[in-house]
Amino acid sequence: MQDESGKAALGSPAGASAPTAQNSVHLNGHTVTKNGHNPTATPAPQPQFESQASSPAPTPTPVIPREQWGGKYEFLLSCIGYCVGLGNVWRFPYLCYRNGGGVFLIPYFIMLFFTGVPLFLMELSLGQYGAAGPITVWKCCPLLKGIGIGMLCVSTLVCLYYNVIIAWTFYYLGSSFQSPLPWSCEAIANAGLCGNGTTGNGSINKALSPTEIFWNERVLGVVHSEGLHNPGPVRWPLALCLLAAWIVIFLCMLKGIRSSGKVVYVTATFPYFVLIVLIIRGATLEGSLQGVAFYLTPDWSRLANAQVWNDAASQIFYSLGIGVGGLLSMASYNKFDNNVIRDTLIITTGNCTTSFFAGFAIFSILGHMAWKKGVPVGEVADTGPGLAFVAYPEALALLPGSVFWSIMFFLMLFMLGIDTLFGNMEGITTAVLDEFPQLRTNTLHKSLFLGALCFCFYLMGLLLVTDGGIYWFTLIDSFSTSFGLIIITLFMCIGISFFYGVNQFCQDILDMICHCPPWCGKVLLYFKACWVFCTPFLLLFILTYIFIEMYNTPLHYGAYVYPRWGKALGVCIGATCCLQILIWAIVAISKETGTLKDRFQKSIRPLNSWRVNNLNSAARVEERMEPERVDAPFTVTLTDMDFTAMTWEAGSEA
């Protein structure tokens with residue numbers, strides 16, 4: 001009876017209750033390890049076991065097994081592909097030259113070491129240990145379930161506009177097969193334009209640049225829109241590109257990580273090949289050193305500007321993908337004993353190194369472009385989509401064999417965008433499948449859910465491919481990952497450090513690393529200091545600056561200044577994400593019993609199923625289950641009947 005019902009319910013391996021466990025034994029949400037850590041533990045009294053065993057045990061609900069990565073390289077490549085995205089190519093180089101060139105690397109690496117890497121490790125560890133998505137993983141602290149809901153909201157907004165960038169890339173990729181390129185001066189349609197746009201010194205007037213005409217009129221159609229209030233009709237060529245992008249995402253994710261884990265072998269490595277080729281080609285161009293010098297020349301006075309530090313922090317969050325649930329979801333498919341510290345160091349180092357070297361590829365070409373046009377480098381570079389779809393195409397059009405280089409560049413952008421979108425979509429699908437695990441057992445229903453999700457995103461994304469879609473794109477881009485994301489990560493850091501317990505969390509990490517090298521324990525001391533002191537302080541500093549800047553700085557796209565109602569709408573978008581924390585905290589407290597203090601204390605205690613989620617470690621033993629802490633899908637307060645389903649463990653130990 002016990003072997004059939006209890007072990008079927010927990011899904012434990014046959015040897016899970018063996019007395020030779022080498023990693024850890026968990027009591028009431030606290031770890032008692034057998035390798036020298038936390039050796040003190042008080043066993044549960046025997047009478048309690050007998051009274052519980054006498055109660056009739058209801059039929060338990062079987063735990064549905066989750067998928068796992070085919071190998072550690074699939075996980076590493078997926079994370080690297082998720083982190084190394086479009087922001088590494090257009091955003092990091094731009095921020096470098098806007099904020100003092102090489103001196104920007106100082107605040108960038110400070111923010112990386114004290115916010116980026118610690119939060120990255122926290123997300124990976126939380127997902128891997130809990131073996132659950134962004135919502136379900138908060139069984140470790142039910143009060144903070146709203147953090148997972150907030151991550152889901154942010155990830156939804158990011159997916160909504162990020163695939164529009166891939167649609168633009170599709171459009172440019174298709175246009176790149178024309179010779180000459182349709183945005184080059186060699187094209188017949190631009191011959192008169194280039195001639196009329198020439199100034200006295202031979203440079204092309206930027207206002208009449210063929211690349212800007214192509215971008216604003218042929219691609220966006222923004223010249224036909226007056227602003228947010230007048231988006232205009234859908235641009236059907238872009239709508240078809242967006243549909244193709246969502247079909248690619250659907251097909252790649254159809255079989256979960258088994259399919260996307262294989263795709264990343266191509267999508268995560270191909271961009272590096274293109275970057276190396278572009279660096280070699282750029283180094284041979286006339287004027288390339290001028291661009292590299294502009295990229296790296298330091299302006300030390302900029303260190304005193306708070307904007308520089310804010311830009312450094314925002315780039316870390318933007319490029320590492322912290323706080324949107326993608327990292328947490330991908331780590332949840334790891335084996336329990338995966339060395340998460342090693343993976344964190346590899347992925348963050350690879351991501352930031354890629355950003356730095358991408359700057360050489362980009363600015364060597366921009367330097368050649370500036371030399372050929374006879375203007376300073378600062379006048380040919382722009383930010384955001386303008387840099388990827390105006391300055392780069394114009395630079396590529398100046399290269400010999402421009403058609404080939406354009407195809408390679410936009411194919412690289414496509415690969416970068418697809419990888420990042422994999423991670424964001426994985427965060428959403430994992431969260432839903434963990435809350436409704438019956439979907440995992442039915443392939444048809446799971447496929448229908450994924451198809452419906454992609455189709456809904458496509459319908460909502462049609463607003464962003466109208467004539468005025470770029471205005472809505474900029475609004476969502478500016479506020480979806482702004483203060484809301486900082487607040488979510490701040491509460492995640494505080495919740496794990498002070499509610500769940502930073503010592504317990506560090507012990508959980510050591511439990512996962514079976515044969516923990518000595519350096520892992522020493523590195524954890526550094527991370528512990530960051531989680532408790534450095535990271536929350538820096539996040540509060542960034543948050544304060546964002547609110548001050550948001551109040552004093554108008555939002556604009558080009559010459560268009562957003563109306564007050566538009567900016568207020570953006571603030572509501574960001575507030576909706578972070579308010580989930582408060583809403584679900586109130587729900588968790590209201591479902592408990594007792595005084596307000598008792599309710600709060602109960603709602604921050606881990607649920608028993610938090611320790612049972614990991615089915616991959618044969619050395620894990622549940623000695624005693626705490627009453628009223630067994631999990632149900634949407635509640636945190638349970639009865640004795642719920643508790644009796646797990647008494648077999650206690651009886652076997654007795």
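Including glycine, each Cβ sits where the backbone N, Cα and C put it.
Note that the coordinates shown come from a computational prediction; the quantities given were computed from them, not determined experimentally.
Per TrEMBL, the feature Na(+) binding site maps to GLY81, VAL84, ASN88, SER319, ASN351, LEU416, ASP419. SER319 (Na(+) binding site): 25 other CB atoms within 10 A of its CB, across all protein chains.
If you look up TrEMBL, you'll see 7-21 marked as compositional bias 'Low complexity'.
Residues or ranges marked as compositional bias 'Polar residues' by TrEMBL: 22-52.
Its own atom aside, the Cβ of CYS194 (disulfide bond) has 17 Cβ atoms within 10 angstroms in the protein chains shown. As annotated by TrEMBL, disulfide bond applies to CYS185-CYS194.
TrEMBL lists 1-61 with the feature region 'Disordered'.
According to TrEMBL, the transmembrane segment annotation covers 75-93 (among others).
The transmembrane segment annotation in TrEMBL covers 105-126 (among others).
Among the features that TrEMBL reports, transmembrane segment is placed at 147-173 (among others).
Cβ atoms under 8 Å from those of the transmembrane segment (236-257) belong to residues 67-69, 74, 78, 163-164, 166-168, 170-171, 174, 219, 263, 330, 333, 418, 421-422, 425-426, 429, 446-447, 450-451, 454-455, 457-458, 461-462, 465, 469 of the same chain, restricted to positions at least 6 beyond its ends. What TrEMBL lists as transmembrane segment is 236-257 (among others).
TrEMBL lists 269-296 (among others) with the feature transmembrane segment.
Here TrEMBL flags 316-333 (among others) as transmembrane segment.
Within the chain carrying the transmembrane segment (345-366), a Cβ under 8 angstroms from the stretch's Cβ atoms is held by residues 76, 79-80, 83-84, 87-90, 92-93, 96-97, 105, 108-109, 112, 116-117, 120, 272, 275, 278-279, 281-283, 285, 288-289, 291-292, 294-295, 315, 319-320, 377, 380-381, 391-392, 395-396, 399, all 6 or more beyond its ends. Per TrEMBL, transmembrane segment is recorded for 345-366 (among others).
Cβ atoms under 8 Å from those of the transmembrane segment (395-416) belong to residues 81, 84-86, 88-89, 166, 169-170, 172-173, 176-181, 183-186, 211, 266-268, 270-271, 274-275, 277-278, 281, 285, 365-366, 368-369, 372, 380, 388 of the same chain, restricted to positions at least 6 beyond its ends. For 395-416 (among others), the entry in TrEMBL reads transmembrane segment.
Per TrEMBL, transmembrane segment is recorded for 448-473 (among others).
Nonlocal intrachain contacts for the transmembrane segment (479-502), taken as residues 6+ away from its ends with a CB within less than 8 angstroms of a stretch CB, comprise 118-119, 122-123, 126, 140-141, 143-144, 147, 150-151, 153-154, 157-158, 161, 317-318, 322-324, 528, 531-532, 535-536, 539-540, 542-543, 546-547, 550, 570-571, 573-578, 581, 604, 606. For 479-502 (among others), the entry in TrEMBL reads transmembrane segment.
The transmembrane segment annotation in TrEMBL covers 523-548 (among others).
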Listed stretch, out of 75-93, 105-126, 147-173, 316-333, 523-548, that has the most CB pairs under 8 angstroms to the transmembrane segment (269-296): 75-93
Same chain, 6+ residues apart, C-beta under 8 Å of the C-beta of LEU416 (Na(+) binding site), given in sequence order: GLY81, VAL84, GLY85, LEU86, ASN88, VAL89, PRO271
Residue with minimal Cβ packing [other Cβ atoms within 10 Å] among the recorded positions VAL84, CYS185: CYS185
Which of 105-126, 147-173, 316-333, 523-548, 568-589 contacts the transmembrane segment (75-93) most, counting Cβ pairs under 8 Å: 316-333
Listed in sequence order, residues not in GLY81, VAL84, ASN88, SER319, ASN351, LEU416, ASP419 with Cβ within 8 Å of the centre of the Na(+) site Cβ atoms: ILE80, TYR82, CYS83, GLY85, LEU86, GLY87, PRO271, THR354, THR420
Neighbouring C-beta atoms (10 Å sphere around the C-beta of ASP419 (Na(+) binding site)): 27
Interface present between the transmembrane segment (568-589) and the transmembrane segment (147-173) (three or more C-beta pairs under 8 A): yes
For the transmembrane segment (448-473), distant same-chain residues with Cβ under 8 A (at least six beyond the ends): 159-161, 163-164, 167, 220-222, 224-228, 230-235, 238-239, 242-243, 246-247, 249-250, 253-254, 385, 425, 428-429, 432, 439, 557, 560, 562, 566
Spatial separation of SER319 (Na(+) binding site) from CYS185 (disulfide bond) - C-alpha basis, Å: 34
